[in-house]
Amino acid sequence: MAKDTEVTEAGSFSAKDYQDPPPAPLIDAKELTKWSFYRALIAEFIATMLFLYITVLTVIGYKSQIDGNADPCGGVGILGIAWAFGGMIFVLVYCTAGISGGHINPAVTFGLFLARKVSLIRAVMYMVAQCLGAICGVGLVKAFQKSYYTKYEGGANVLADGYSTGTGLGAEIIGTFVLVYTVFSATDPKRSARDSHVPVLAPLPIGFAVFMVHLATIPITGTGINPARSLGAAVIYNNKKAWDDQWIFWVGPFIGAAIAAFYHQFILRAGAVKALGSFRSNPNV
């Protein structure tokens, strides 16, 4: 971590000589020879499968509870759905962070790739594992509750009536930005060195970010912010509307992830300044 940290009067650490981890190589063929790489792929597959199974089942269960029910408070409600998504991300990131990094989302993987946190090979293979896991997770839901699954639209992401394509795309961009920005901030090793007196359980803020974004955007798009989640539901449900809107749930999250990566790495962490030489005369400031 830091070679020469010092404690300030406030009790925090000033990591003036902190060295950032070296960037991941663009192509790292050696990864393909390591068991840890395949173990990470399995972890991403299983985690995304469990994520889709629990969350889509929650969505369908909620719709079945309110169908024909005059009670507006029937079922878990949007709040419960948001908790299901955020809670599962908290649990699964906690379980897999030490194995695969706990991405469980192609947009998160894409953002980390742009920041040179993972290689191109790992990024592509993670995305494949995540998408396959999502398809299998929704497939389990359909297998266990086929009648409810078809009747209540399979938990597929679609643009809600009354909203324009631009609104839906913007909601996905901003929602994914919030998520990926939180991922960068919660896992920043420099922050860990500087603020080691402040315990941060990374999965907790990440899960809360997912929860809050769902509260805001469920009425608009059903909340994608995870291309694997949207693809898995679309593949199994196989509805024209879901396929017509599918691009929103890929383009939006990838743009949001790219903006978050740029903002964190080149604005907050001043990556561009480091590359060209510091604007400051004193390197220790």
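Placed from the backbone N, Cα and C atoms, the Cβ positions cover glycine too.
Remember, TrEMBL labels are computer predictions, not curated facts.
Annotated features in TrEMBL:
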TRANSMEM  40-62  transmembrane segment
TRANSMEM  74-99  transmembrane segment
TRANSMEM  120-143  transmembrane segment
TRANSMEM  163-186  transmembrane segment
TRANSMEM  198-220  transmembrane segment
TRANSMEM  247-268  transmembrane segment
Margin query: Could you check whether the transmembrane segment (198-220) packs against the transmembrane segment (74-99) - three or more CB pairs closer than 8 Å, residues at least 6 apart in sequence?
Written below: yes
Notebook entry, point to check: What same-chain residues lie close to the transmembrane segment (74-99): Cβ under 8 Å, and 6 or more beyond its ends?
Noted result: 39-40, 43-44, 47, 50-51, 54-55, 58-59, 61-63, 65-66, 201-204, 206-212, 214-215, 218-219, 223
Item checked: the transmembrane segment (163-186) and the transmembrane segment (120-143) contact flag, 3+ Cβ pairs under 8 angstroms -> no
